[in-house]
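Report on the structure given below.
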C-alpha cells in the first residue's frame, strides 16, 4: 500500500511534482487516499488503484473507462478534466519508476543486481552469469529470452527490460521467493523511456557497441543510442567493459573514477588460447574453461560474465562449472541432417551479430552455405542496409530472404529493401517454413550448412501488432532433418 502523502513526497524529492488539481483548484498537499494496486492499463483498475496515464497514444476515453470502474485519482503529465483529482508531474515515466520502487518495498535493496548492456550478446552473457551464480547462490533472471523469478520456472519475456511497474513487482516476487541475486539485460530503450530510473546496479557490464535500433520510433542517431547505452555505467557501483569494443577509450575515461575491470585485447584479462569447445584465460579468471557455445565472441561473453560474477561472490570453480553448463535457447543451436549437413539456428538480428555468426560457421563448414534471413517491420530500419552489406561481403553464401516479424509492413517489401543492398541475385520466399525447407533440401553433405538467422527460439511471428503462432525455426528444422 502507498498513501497519497507518501507518493507526493517521492515526487517532490525528485523535483517531479507540479500540483494536485481537483474541483477545488490547486493543491500542494493532499490527504485521505491510499492505494493497494498500481496500473498503467485502464482495463485493470478499481477504487484502490493508482493509475498512471502514460504514452503518446493515451486517450481520454481510456481514463473514462477507468473512472467507471471506480478510479479515484490518476497521475499524468496532462489534466484530462474528467472530474476526479489528478497529480500532475513533469515526467510520468520517472514517476512510475520511483513510486513502484517504494510501493513494492524497495526490493532492489534486498538483491545483488547485475546488468548487461551491449548491441549483441546480452542474453548469452546473462545465461552464463545465471549458471555461474546458481552454483552457490539463488539467482533470478530477466532476459530477452526467458524470465525466472524463482530459479525453477521460466516464462517468455515481453520486453528486454520490463516496464517499471512490472519490473519492481517482479523484483519483489524474487525477494519473496528467497532469491539472492538478479541478472538483467538493460536495453538502451530502458534508459530512453526511464524504465530503470532511480535504480543502481551492483555491477554493470558493457559488452560491445555497433549501430542498431536506429529509426523513427527508436534512437534518431548512433550518438543517441550510444549515450543511452552508457547510462548503465553511470548507474552502476562497479563496471566491467570490453577493451576491444568501439569507443573503448571514451568509456575508459568515463569510468576512471569508478570501480572497474576491463577484459579483452587491451587488458590483463584475456583469452590466451581458443578452441571450438574450450579456451584458456589469463588475469583474474586464469584457467581452463570448457564451453558448449562455439565462437570466440561467446568465449568473450563468458569472460565478461565471469568477471562480473567474481565481484558478486562467485568462485573460480563456480565460474568454470557455470560456463560448461550454459546453453541458450536459439543461440548457436546446431542440428545435423541425415546427410550430415549442419543446420545453425541463431538469434543474430543485426549486422554485427550476423557477421559474427557467419564467420563462425565459415570456419567450420567449407561447402555450400545457405542463409535464411529477414528483418522486422516498423523498427530498426537501419538493419536492412546492414544485412545487405554483410551478405555482400560473403560471396559464398546462397541467400533466401524471408519474413521475420513483419508487423504492419509487407515482408516481401522488407526483403526487397535488404536485396537492394546486395550486388548479386538472392531469392525471396516470404513463407519462412518454405524458405527453411528449400534451403535444407539443397544441402547434400557434411561440409554444407543452413544458417537460419533472426528469430532464434521465438515461436511466433509479429503480424499487424499481434503475435501469430509459428512453430519456430528449431522445430521446423528438426522436422526436415
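The backbone N, Cα and C atoms fix where each Cβ goes, glycine too.
Remember, predicted model here, so these are calculated numbers, not experimental data.
Look at Swiss-Prot and you will find 118, 119, 120, 121, 122, 123, 124 tagged as ATP binding site. Annotation comment: Swiss-Prot describes 229 as N6-carboxylysine. Annotation source Swiss-Prot lists motif 'L-lysine recognition motif' at 404-407.
Feature annotations (Swiss-Prot) mapped to structure.
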residue : record           : contacts (Cβ under 8 Å, 6+ apart)
118     : ATP binding site : 125, 205, 206, 207, 208, 209, 229, 242
119     : ATP binding site : 207, 208, 209, 210, 212, 350, 352, 353
120     : ATP binding site : 207, 208, 210, 297, 348, 350, 352, 353, 356
121     : ATP binding site : 207, 208, 297, 298, 300, 301, 304, 353
122     : ATP binding site : 116, 143, 144, 160, 185, 187, 207
123     : ATP binding site : 143, 144, 145, 185, 328, 331, 347
124     : ATP binding site : 293, 298, 301, 326, 328, 331
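Of all Cβ atoms in the shown protein chains, 24 besides its own fall within 10 Å of the Cβ of the residue listed as 'N6-carboxylysine'. Residue counts for the motif 'L-lysine recognition motif' (404-407) under DSSP, helix first, then strand, then coil, are 0 helix, 1 strand, 3 coil. In sequence order, 116, 125, 185, 207, 208, 301, 353 are the residues of the same chain, not among 118, 119, 120, 121, 122, 123, 124, whose CB sits within 8 A of the CB centroid for the ATP site.
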